[in-house]
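Student: Here it is: the structure, laid out below.
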């Protein structure tokens, strides 16, 4: 029975979860940074003094990547391929990594589009800044939800500790 | 006249260098603080519980974000005051 529960290919899924958390959240953060950066370059030609404030979407896109990094480190810290690693734990880690990564893509996409258009509007109307911050916070929280689900899933792995003995 | 222009460009250079230093500081903090707080608190504060350490790292990242927004708002108020003083001094000179 333990040999069925802990096959040798189980760490594949665990490490795939680690990789997917980092890869997908970085894709979202890169899209957000690039799209917002296009708008900031447009703003910079007209009003260079507003650049410091208009870099907020870029910082928020960077935080999406930090979410992915933290989940990757968290899952990798719980991986024990040498001590007997249940297949169920591998699936849980894969699900946690994918949930954090894909929500990072969603959040980064929203941050990119909102950052681009709001930063361009900020050239003409100063009061757009507060609205931009609010919309960006709502977009960022999407990535945070994925991270919370990943954390919740990761706590289930500790219950499987003795399955391989 | 050329002295005033030279003074203006050096103050502009100083301002842009200060802005660049601020941006570099925030970029470094965003890269280093969350992951270091994860490892530090996992080892010394939460005695091995990695979920609490992850929550700590996320709180650290969001604190960096809030600090950046506050700093950019304060800088905006400062540059607004400087621009107003400039306008006042220019109108006084024209008289």
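From the backbone N, Cα and C atoms, a Cβ is placed for every residue, glycine too.
On a predicted model such as this, the values are computed, not experimentally measured, just so you know.
Take a look at what TrEMBL says about it:
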TRANSMEM  A:12-34  transmembrane segment
DOMAIN    A:17-75  domain 'V-ATPase proteolipid subunit C-like'
TRANSMEM  A:55-79  transmembrane segment
TRANSMEM  A:91-116  transmembrane segment
DOMAIN    A:94-153  domain 'V-ATPase proteolipid subunit C-like'
TRANSMEM  A:128-153  transmembrane segment
Student: Sequence-remote contacts (6 or more beyond its ends) of the transmembrane segment (A:55-79), Cβ cut-off under 8 Å?
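Tutor: Answer is 11, 14-15, 17-19, 21-26, 28-33, 36-37, 39-40, 85, 93, 96-97, 100-101, 104, 107-108, 111-112, 114-116, 118-119, 132-133, 136, 139-140, 143-144, 146-147, 150-151, 154, 157.
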Student: Could you tell me how many residues in the domain 'V-ATPase proteolipid subunit C-like' (A:17-75) are helical, how many are strand and how many are coil under DSSP?
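Tutor: Looking at the domain 'V-ATPase proteolipid subunit C-like' (A:17-75) with DSSP, the answer is 57 helix, 0 strand, 2 coil.
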